[in-house]
Amino acid sequence: SFIGEESVAAGEGSVLTDNPTWIIDPIDGTTNFVHRFPFVAVSIGFVVNKKIEFGIVYSCVEDKMYTARKGKGAFCNGQKLQVSGQEDITKSLLVTELGSNRDPETIKIILSNMERLLSIPIHG
């Protein structure tokens with residue numbers, strides 16, 4: 001099976017089943033693309049039994065290929081990635097995406113979540 005982000009965004013329905021399924025977003029960062037902001041990627045995932053098996057993200061402008069496979073780790077251009085050793089959330093750097101949904105209830109939830117994070121306080 002195939003699920004395409006652009007077709008779902010256009011209103012086509014999709015159902016994730018147990019069948020092997022490719023999930024593809026050919027312009028991941030559509031809003032960035034429209035505004036010529038250079039963070040755009042092609043994202044591909046493969047799911048079996050509703051569980052992700054592997055994913056690939058190609059950052060076009062940076063010419064970086066990110067890959068990950070369940071149980072095998074994540075890589076950028078073949079080099080293994082790892083999380084930082086930072087355990088103190090007050091010294092962490094938080095990066096977030098607000099999303100494109102402007103439904104008032106969704107905005108309320110997003111802003112409430114951000115307020116909780118900022119009150120910790122985070123480092124940046």
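Backbone N, Cα and C define each Cβ position, glycine as well.
Bear in mind that TrEMBL entries carry predicted annotations, made automatically and left uncurated.
Quick look at what TrEMBL lists:
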- GLU5, ASP25, ILE27, ASP28: Mg(2+) binding site (BINDING)
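Annotated features, which come from TrEMBL, shown on the structure.
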residue: GLU5; record: Mg(2+) binding site; CB count, 10 Å: 16
residue: ASP25; record: Mg(2+) binding site; CB count, 10 Å: 19
residue: ILE27; record: Mg(2+) binding site; CB count, 10 Å: 16
residue: ASP28; record: Mg(2+) binding site; CB count, 10 Å: 19
